[in-house]
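Here TrEMBL flags 41-301 as domain 'G-protein coupled receptors family 1 profile'. The transmembrane segment annotation in TrEMBL covers 26-50, 62-90, 102-129, 150-170, 198-226, 246-271.
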Amino acid sequence: MNSSKSPGLAGFGVLKNTTCHTEKKISVFFSIIFMTAGILSNSLAIVILMKAYQRFRQKSKASFLLLASGLVVTDLFGHLINGAIAVFVYASDKDWIRFNQSNILCSVFGICMVFFGLCPLFLGSVMAVERCIGVTKPIFHSTKMTSRHVKMMLTMVCLFAVLIALLPILRFRAYQIQASRTWCFYKTEHVEDWEDRFYLLLFSCLGFLALAISFLCNAVTGITLLRVKFKSQQRQGRSHHFEMIIQLLAIMCVSCICWSPFLVTMARIGINEGGSKETCETILFALRMATWNQILDPWVYILLRKAVLRNLYKITSGCCGMHVINLHMWELSSIKNSLKVAAISESPGSSKQINLQPLTSMGQ
C-alpha cells in the first residue's frame, strides 16, 4: 500500500511529524456552512429544474435540462457525502486511528473527493460543448442531440470520473490522510514516488482540460451570439444574446476562480521534486475555494434567470440615468431561441421572409 506500513495506518506516519495549525471551531464552522449552503442551493436548483421540465418538454431543451440536472444532483450528493464524513471526523475529534483501522473510511473519503471534484468539471465542459453545438450547428443539434445520447454522455462522464477515483485503489495505493487530519486525498506531503506525482498531475491536468474546453466552447458560443446580434434586428434576439453572454461570463469566471487555486496547488506539489512546500493552510484554502464552485453552480446555471437580469438592468439603468427599455419579451428558453436565430442567420435570403413569433416565457 505505497509503504511498508499496514493499510490501516496509511498516512499516520505523516501526521505524527506534521502539524497543521488550524482552528478547530473555524474549521467546523466552514464545513457546516459549506455543506448547508451546498445542499440548499442545489436542492432549490433541482426543484426549479423539475418545474422547468414539466413546462418545457421540447427536444431542443431536453438536453440542457438533463445535463443541468446531472450537474446539480452530482453537486448535491457531493455535499451530502463529503460533508457528512467531514462532520463525523470532527465529531470523533479527528482520531483516525480509532475509527479507521482498516483504512476503509479514508479510501471512501478519498474516492468521493476525487469523483465529486472531477465530475462537475467534466459536466460543465459537456454543457459548454452542448451549448456550442446548439448555437453553431442548430440543425445537427436538433436531429442528433437526443435525450438518449445525452443520457449516454452523462453515463460515460460518471464512469470516467469513477475510474479516475478508483485508479489508486486498483494500483494498490492507499489514499492518504492529509496534514489537517480532516480529509483524505492523494499523497501531498514528501511526494517522491513517480506514481504519487502521476495521480496529482493527472487530477490537475484533467481539471485544467475541462476548464479549457469550457472556456473555448463558451468563447465560440459568445462570438457566434454577438455576430448574430449585430446581424439580427429582432428584439428577442437582442435580449436573448444579452442573457446568454451574461451566463457564459458568469460560468467561466466562477469555474476558473474557484478551481484554479486547488488545481495549481496540486500541480505544484506533483511537479516539485524537492518535496512539497505547500502549507496545510494553503491547501485548505484552495480546497474551500473549489468547494464554492459546487455551491455557486446552480446559481450560475439555473438561478440566473431573466427576472434577475431584468431587475439588475433596471437598477443599473436607473443609477446611470439611462432610459429603461421594455424587456418584457426576454426569453428564458435560451437554447430554443438561439436555434431559431442562428438558423436564420445562416440563410440571409430567408431572414427577411421569416418572422419569429415571440415565445411564451417560462415564468409567465
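Every residue gets a Cβ built from N, Cα and C, even glycine.
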Other same-chain positions with a Cβ less than 8 Å from the transmembrane segment (246-271) and lying at least 6 residues past its termini are 121, 124, 128, 186, 188, 191, 196-201, 203-205, 207-208, 211, 214-215, 218, 221-222, 278, 282-283, 285-287, 289-290, 292-293, 296-297, 300-301, 304, 309, 334
Spatial neighbours of the transmembrane segment (198-226) far in sequence, C-beta under 8 Å, 6+ residues away: 114, 117-118, 121-122, 124-125, 127-129, 131-132, 135-136, 164, 167-168, 173, 186-188, 191, 240-241, 244-245, 248-249, 251-252, 255-256, 259-260, 262-264, 266-267, 269-271, 338, 342
